[in-house]
Amino acid sequence: MGGDKRNRVFALTALLILGLSVTFPCCFSAANHPQTKKKSARANKFGSSAVFPLHGNVYPLGYYSVSINIGHPAKRFDLDIDTGSDLTWVQCDAPCTGCTRPREYLYKPKNNHLQCGDPLCVAFHSPASDPCKTPDDQCDYEVEYADQGSSLGVMVNDYFPLKFTNGSQLGPRLAFGCGYDQKHPGLNTPPTTGVIGLGNGKASIVSQLSRMGLTRNVVGHCLSGQGGGFLFFGDDLVPSSGVTWTPMSRNSMENHYSSGPAELVFNGKSTGIKGLDLVFDSGSSYTYFNSQAYKAVVNLVRNDLDGKPIKETSEDKSLPICWKGRKPFKSVGGAKNFFKPLALSFINAKNVQLQLSPEDYLIVSKHGNVCFGILNGTEVGLGNLNIIGDITLLDKMLIYDNENQRIGWAPANCNRLPNVDREYSEGNSQPIVANLGILEQHCPAYALYDQ
């Protein structure tokens, strides 16, 4: 969510009250922009994959964000990327309690709220918490996060401009939250304006685009260990080979990208810790194991470090466990030889492991110490759940394939945006969309227009 994400955890207790109005037109109308003439088959094709540059890092910022344009005329919003929740929301000029950005950076609603009678609003209301009295009431939402942050507001519907590589643009109308009451845990206020929810529920941006026939229901990200990276919707960028796949779990982790059960492996040997259910969450800076798995891996790491020229220090409060070398470390690369690799071996997928090299679970603090980026999830209210956070997802392409109900990963260079014209990738907040598919077959109301 939009709080201090240094200790962000996924939106386990999210309460969604939302909807998607069927009365709004789905895109920019041809009345607002002249429709382009049909020049060729290629000119009439729209893409099925949008690519967005990312900003941020695990440490010291503790979050990754994307710039999204919303509205007409478009306004730019910087949003935390969160695969652990569905609801996209922005701080709302309504007025706003707990908003952290100046008014010129807030979203101004224009009588575009959704009503309780809208199908998705009805679907997401739980009978016990339904605040609607009549179908004509506005559709309110409340989302609460496991780190005690929250957002309260009203669901609205507005244009999300997408730029295509053939020079055309599309502005589908999507539902999102206009948050007028935010609570932020911790001492630091978030520098972003909200959250883009990328979970697999009906409210997520990707699910909405998929239902419109504009993308496949696939979302992925590539988080660079050097900072930045990219986010994508659709399956154009999914490699045809070299991806390790594991099936999604469809259990109590509904609307979250969960997999497992998995076994914890240390330096190629079983730890005896099995049956770990895992949630992949880009909204969490660090990885969280339940208390049993956490204590086991900490003991293994500590025992393995015994006698090595690196000592645990209580002076560094960057993370719960840090070690000090003979001289300050400049990067994880300088400390990795002291540590052994970990792995998560998936029981329901043959020979499938998620490898955790030392770079996937360590940071170097501003004090030059190396710190353990796996935290005790039980202590922060996650119970028996295990969260795979950003630190473990660095320098990998992560693919959440809702079409085929699977999660995949592959080594990748996350410092470069793939198949994106340099003209659009630098200094442009609009997504770049690869050519695939004929848009008119899906939504005749969409308008093509030149720049």
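Placed from the backbone N, Cα and C atoms, the Cβ positions cover glycine too.
Features of the protein shown, as given by TrEMBL:
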SIGNAL    1-23  signal peptide
DOMAIN    64-410  domain 'Peptidase A1'
ACT_SITE  ASP82  active site
ACT_SITE  ASP281  active site
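Here the C-alpha separation of ASP281 (active site) and ASP82 (active site) works out to 7 Å. Counting every protein chain shown, the number of other Cβ atoms lying within 10 Å of the Cβ of ASP281 (active site) is 30. Mean pLDDT, taken over the domain 'Peptidase A1' (64-410), works out to 91 on the 0 to 100 scale. Cβ contacts within 10 Å of ASP82 (active site), excluding its own Cβ and spanning all protein chains shown: 29.
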